[in-house]
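Okay, so here's the structure we're looking at.
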Amino acid sequence: MKFAEHLSAHITPEWRKQYIQYEAFKDMLYSAQDQAPSVEVTDEDTVKRYFAKFEEKFFQTCEKELAKINTFYSEKLAEAQRRFATLQNELQSSLDVQKESSGVTTLRQRRKPVFHLSHEERVQHRNIKDLKLAFSEFYLSLILLQNYQNLNFTGFRKILKKHDKILETSRGADWRVIHVEVAPFYTCKKINQLISETEAVVTNELEDGDRQKAMKRLRVPPLGAAQPAPAWTTFRVGLFCGIFIVLNITLVFAAVFKLETDRTVWPLIRIYRGGFLLIEFLFLLGINTYGWRQAGVNHVLIFELNPRNNLSHQHLFEIAGFLGILWCLSLLACFFAPISVIPIYVYPLALYGLMVFFLINPTKTFYYKSRFWLLKLLFRVFTAPFHKVGFADFWLADQLNSLSVILMDLEYMICFYSFELKWDESKGLLPNDPQEPEFCHKYSYGVRAIVQCIPAWLRFIQCLRRYRDTRRAFPHLVNAGKYSTTFFTVTFAALYSTHKEQNHSDTVVFFYLWVFFCIISSCYTLIWDLKMDWGLFDKNAGENTFLREEIVYPQKAYYYCAIIEDVILRFAWTIQISITATTFKPHVGDIIATVFAPLEVFRRFVWNFFRLENEHLNNCGEFRAVRDISVAPLNADDQTLLEQMMDQEDGVRNRQKNRSWKYNQSISLRRPRLASQSKARDTKVLIEDTDDEANT
């Protein structure tokens, strides 16, 4: 592997600009070599003066890079020392409180089931648990800084060696000895001391002297690329996806056959549509995860996941494939229920019962930690006014806004099973008397409109909570206003629908109000998508016209296509209104909703790429590479300042005005590969070292 590729694969993305610009140095050397005057057409003194002038410029640039690296390393080292002192104080305070309250000095003597502990003991137990997590994140930051130290030294050594080879001189090696090998970032060994001290503290104070357990907690898997999934996971992904494709083909033929003989298919579609959207969402989220990893967007940090244990894209594909198989089998069973002894209404209940059990299964199987994380996140979303709102909280609430059809179909299913289903019949497709008007699929009884507003309500109260915490009207109250437009849109849609059914004279008034608020809502959300969520249309975008100053994904066309796609799908309701308002055929609205619901999930899938990219660039601007975890809570002023930094509209702008030369802004970013596979006491990140010039 060439060192340039090795460097790009192992850097910490959030610190990318603080590394040696190896590619820019290579371009300088090759450009100087190509533009050098030939000895055949000019005298030797002219050639020497040319290279002397170039070397002066080259070494001046090296000095600037070295100063930049020294400064950043010193700042991060000082930050690490302060953080270590803080963690030690927090640990000592927790141990002192335990000692005073129980008269014991070791954690081993205090170990007993959590439900047997008093309130004070529960608090201390949580503090110790938080400290373990905080030390593991701090240890990760130390490894990243050590990796930064080693990569930069290797980069200087290789580029100066290349300099000497191209210019046929030894001045590069001399410059390295005089400047690089005595530079603070290389000579300072405090980082190694901090790593050793952290290992000792975790081993002796938090793991009762069990070094193997301590190192298992501290070390992380290689992060230079996506973590390879186990072979059996890869096998299951292929197996489940293959079966799912075959079953879908079977479903198509079965559906064509059944639609020719049975016209009561719409209750079935409404009940199974939500399950399909959930499977589509999980599959597209797997593609999101793969794309983020490939581009170097650190979604693990953004969502504050455990870097040692989180779902990869293959795991998400596996879950989507497994649920897809259950969905297909259940739907096929409904199609062939007339020849079965099991009543047709059992199959949807069995499908969604299995899905719910998969999520809430209390045993530590089937990705227990990830499911538990999701359940906690859902709880935080639905109790938003009572918690501080983090990125993962409002990200999930935004996903629910695109999955509102699932909630509406769930409400329909509950209503259908409660009021419309004939439990004493078992033939046909979810029997419903076609002579009786449908009750559950209409707005007339009010519940449907309320359910449709739930996702927007969750984001609305999250925005109000963030305003309460920060006291900043912009962007939080303005964002709340965006979600409030959904309430008006749904209200007038419901009023129009009910008045149209009853042939009221004021139906047209509610229709125009519905259209008006649809236009307001679509324009509002579109502008927010492009400007605030994606950070596009930046006036300082430079060569990235209509985009932003800094982009992560390699092709600008991705951004332009995403903008067009977002505009089209944000205004797709115009087609729905046009058709439903001019057509009186039954189930036209159902057909359009069934077509547009998967498209909305796809729109959110595209939105996810650029929303997390924008958040990642904010982390890069703050050089934030690990989670900030502390037992001691932030005071109100610190919390407000942190929220302001996170919500800064131009948080990713104006970061490249002082560039000394240009380099490719779209370079593929990947997280650093850490030394998790080294021996127990060897925590140093090994940098690939080769003297083969073909690999440099």
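Residue 1 is the first one shown; counting continues down the chain.
Heads up, the Cβ atoms here are built off N, Cα and C, so glycines get one too.
Annotation comment: Swiss-Prot describes 1-228 (among others) as topological domain 'Cytoplasmic'.
Summarising the annotation, Swiss-Prot assigns region 'Important for inositol polyphosphate binding' to 158-165 and lists similarity to another entry as the type of evidence. Within the same chain, residues 3, 20, 22, 25-26, 29, 58, 62, 171-173, 175-176, 180, 691, 693, 696 sit at least 6 positions outside the region 'Important for inositol polyphosphate binding' (158-165) and bring their C-beta atoms closer than 8 Å to a C-beta of that stretch.
When Cβ-Cβ distances below 8 Å are used as the criterion, the transmembrane segment (229-259) is approached by residues 265, 312, 314-315, 317-318, 321-322, 324-325, 328-329, 331-332, 335-336, 429 of the same chain, each at least six residues removed from its ends. The transmembrane segment annotation in Swiss-Prot covers 229-259 (among others) and rests on similarity to another entry.
The feature topological domain 'Extracellular' is assigned by Swiss-Prot to 260-264 (among others), with similarity to another entry given as support.
If you look up Swiss-Prot, you'll see 265-296 (among others) marked as transmembrane segment, on the strength of similarity to another entry. With a cut-off of 8 Å between Cβ atoms, the residues of this chain six or more beyond the transmembrane segment (265-296) that come close are 13, 225-226, 258-259, 311-317, 319-320, 323-324, 327, 330-331, 334, 348, 351-352, 355, 399, 403, 405-407, 409-410, 412-413, 416, 420, 429-430, 432, 441, 552-554, 587, 590, 594, 597-598, 601-602, 604-605, 608-609, 612-613, 616, 668-671.
Residues annotated as topological domain 'Cytoplasmic' in Swiss-Prot, with similarity to another entry given as evidence: 297-309 (among others).
Among the features that Swiss-Prot reports, transmembrane segment is placed at 310-337 (among others), with the record citing similarity to another entry.
Taking the topological domain 'Extracellular' (338-343) as a whole, pLDDT averages 83 in the prediction. Here Swiss-Prot flags 338-343 (among others) as topological domain 'Extracellular'.
For 344-365 (among others), the entry in Swiss-Prot reads transmembrane segment.
What Swiss-Prot lists as topological domain 'Cytoplasmic' is 384-388 (among others), and the listing cites similarity to another entry. Only residues 6 or more beyond the boundaries of the topological domain 'Cytoplasmic' (384-388), in the same chain, are considered here, and those with a CB under 8 A from a CB of the stretch are 397, 458, 461-462, 464-465, 469, 639.
Swiss-Prot lists 389-422 (among others) with the feature transmembrane segment.
Taken residue by residue with DSSP, Arg570 (phosphate binding site) is part of a helix. Annotation for Arg570 (phosphate binding site): same-chain Cβ neighbours under 8 Å, separated by at least 6 residues, are Ser522, Thr525, Leu526, Asp529, Arg603. Swiss-Prot lists Asp398, Asn401, Lys482, Tyr483, Arg570, Arg603, Arg604 with the feature phosphate binding site, giving similarity to another entry as the kind of evidence.
Taken from Swiss-Prot, the feature topological domain 'Extracellular' covers 423-429 (among others).
What Swiss-Prot records for 430-471 (among others) is transmembrane segment.
Swiss-Prot lists 439-643 with the feature domain 'EXS'.
Residues 401, 442-444, 446, 448-449, 452-453, 456-457, 459-460, 463-464, 466-467, 510-511, 513-514, 517-518, 520-521, 524-525, 528, 532, 647, 649 of the same chain sit 6 or more residues outside the transmembrane segment (473-503) yet have a Cβ under 8 Å from a Cβ within it. If you look up Swiss-Prot, you'll see 473-503 (among others) marked as transmembrane segment, on the strength of similarity to another entry.
Shown in sequence order, Ala456, Trp457, Arg459, Phe460, Cys463 are the residues of the chain, 6+ apart in sequence, with a C-beta less than 8 angstroms from the C-beta of Tyr483 (phosphate binding site). Here the transmembrane segment (310-337) has long-range neighbours at 226-227, 229, 233-234, 236-237, 239-241, 243-244, 247-248, 250-251, 254-255, 257-258, 268, 272, 275-276, 278-279, 282-283, 285-287, 289-290, 293, 300, 343-344, 347-348, 350-351, 354-355, 358, 367, 370, 426-430, meaning same-chain residues at least 6 beyond its ends whose C-beta is under 8 angstroms from one of its own. Counting every protein chain shown, the number of other Cβ atoms lying within 10 Å of the Cβ of Asp398 (phosphate binding site) is 20. Each residue in the topological domain 'Extracellular' (338-343) gets a DSSP state, and the totals come to 2 helix, 0 strand, 4 coil. Our reading of the phosphate binding annotation (Asp398, Asn401, Lys482, Tyr483, Arg570, Arg603, Arg604) yields a largest Cα to Cα distance of 18 angstrom.
Around Arg604 (phosphate binding site), the same-chain residues six or more apart in sequence whose CB sits under 8 Å from its CB are Phe281, Asp398, Gln399, Ser402, listed in sequence order.
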